[in-house]
Every structure is written in C-alpha cells, then in structure tokens.
Amino acid sequence: TPEQQRYVELFIVVDHGMFMKXXXXXXXXXXXIHQMVNIMKEAYRYLYIDILLTGVEIWSNKDLINVQPAAPQTLDSFGEWRXXXXXXXKSHDNAQLLTSTDFDGPTIGLAYVGSMCDPKRSTAVIQDHSEIDLLVAVTMDHELGHNLGIRHDTGSCSCGGYPCVMSPVISHDISKYFSDCSYIQCWDFIMKENPQCILNKR
C-alpha cells in the first residue's frame, strides 16, 4: 500500500560562510539544524515520509567544494563531493548543503527532480536566506520534494487554503503543507521508481 512508511536519512552539510555567520559556534549551527529538521518532519508526515537526521558536517575551516553564486554549478560540485567523499560519512539517502552564499537571481535553493537514492543526484543546495529558521526549513522541504519527484504546484493544486510547500514562489506566510498534487506526484515516483534506500530506517 502507498501508505507504507518511507524513511529519508538526511545528511546536512553547513558551509564555511554559514558557520561564520552563526558566530562560528558549531553548537549553535547544530541546534538550528535540528530545529529545521523537526519542522521538515511535520510537513512530510502528510506524505507518510519520516525525515531522520543521520549526520551534520560543518565545514568549520574552509569549504570542501567551490561554493559559488551559480546554484547549478554548486549543486553539481556538491553532488560530485557527495559521491566521492561522503561515502566515508554515515550511510544516508539524501544530502543537503546549507550555504550563506547568495545564489544568482531569485534562486534560494536548487535540487535535481526525481533523484532520491542516486549517489550523486540525491542532493540539494539551500541558501540560508532568512534569519527565520522556519523559512529556511520550508526551502529544505521544497528542494527535498523535488528529489522525491514532486514538481511545482500549478493553479489547480491546493493544500487547504494555506500556502503550499511546492508553490513556485516563496511565500512569507509559512508554508508547511504539501498540496494534493504533491502527494500524488511523490507516491507516483515512489511506486514507479521504487527508490530502495528509503525503505529502511537503518
């Protein structure tokens, strides 16, 4: 049944700029990440997906990839790094890079679509675009949604009168609900592609 629970083991990397922004305190950065992942759990409950934080790596000395304003290049480099280097890191299904770099144009996050469990492409890059953890967490929800095969909502999609997570435009109202379309697209992807890595929780 589609309702069979799925588990996304999430690995988060905090880049050097974001580490410095958080007053170079690793504890502060880690606490913020835990908060954001708890917010993500709420949204994903509706999709019958549990988000498990399996690791946080903080690039406290220097960035291990070239983090640049061109989001597609940064996403590509991060994917290469994950496939090559992070194998050493704990087993995980999906990795997100949080950066203080201001991406070109209105972009605040970028992810491959329908790439969950792919060694290189099960990744996303997220700009730490707000002082409000909640707003950044919604962007994390949104990009992970793309990895799970969810596209942007169109006019006919709804999530009960609230702003929806997969809306193409960022809303300053907090969107913590996935739309009916998102639900269908996510489970279409899971049933068709059957990404194996999200069946277990370790």
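Glycine is treated like the rest: Cβ placed from N, Cα and C.
What Swiss-Prot lists as domain 'Peptidase M12B' is 6-200.
Reduced to three states, the DSSP call for N200 (Ca(2+) binding site) is coil. Counting only same-chain residues six or more apart in sequence, the Cβ atoms lying under 8 angstroms from the Cβ of N200 (Ca(2+) binding site) belong to Y7. Summarising the annotation, Swiss-Prot assigns Ca(2+) binding site to E9, D93, C197, N200 and lists similarity to another entry as the type of evidence.
Summarising the annotation, Swiss-Prot assigns disulfide bond to C117-C197 (among others) and lists similarity to another entry as the type of evidence. In sequence order, E9, D93, M116, C117, S122 are the residues near C197 (Ca(2+) binding site), counting only same-chain partners six or more apart with C-beta under 8 A.
Around the Cβ of H142 (Zn(2+) binding site), a 10 Å sphere holds 26 further Cβ atoms from the protein chains shown. What Swiss-Prot lists as Zn(2+) binding site is H142, H146, H152.
Annotation source Swiss-Prot lists active site at E143, citing similarity to another entry. For E143 (active site), applying a Cβ distance below 8 Å and a minimum sequence separation of six or more within one chain yields Q96, G109, L110, A111, A124, V125, I126.
Annotated disulfide bond per Swiss-Prot: C157-C181 (among others), in sequence order. For the recorded site, C181 (disulfide bond), the DSSP three-state label reads helix. There are 19 other Cβ atoms within 10 Å of the Cβ belonging to C181 (disulfide bond).
Cβ-based neighbour count (10 Å, all protein chains) for C159 (disulfide bond) stands at 21. The disulfide bond annotation in Swiss-Prot covers C159-C164 (among others).
Secondary structure at H146 (Zn(2+) binding site), taken from DSSP and collapsed to helix, strand or coil, is helix.
Cβ neighbours of C157 (disulfide bond) (same chain, under 8 Å, six or more residues apart in sequence): C164, M166, S179, D180, C181, S182. Same-chain neighbours of the Zn(2+) site beyond H142, H146, H152, judged by a C-beta within 8 angstroms of the site's C-beta center, are, in sequence order, A111, V113, E143, G145, I150, R151, V165, M166, P168. Cβ neighbours of H152 (Zn(2+) binding site) (same chain, under 8 Å, six or more residues apart in sequence): M166, S167, P168. Each of the binding-site residues E9, D93 was scored by other CB atoms within 10 A of its CB, and the lowest score goes to E9.
Annotation for H146 (Zn(2+) binding site): same-chain Cβ neighbours under 8 Å, separated by at least 6 residues, are A111, Y112, V113, G114, A124.
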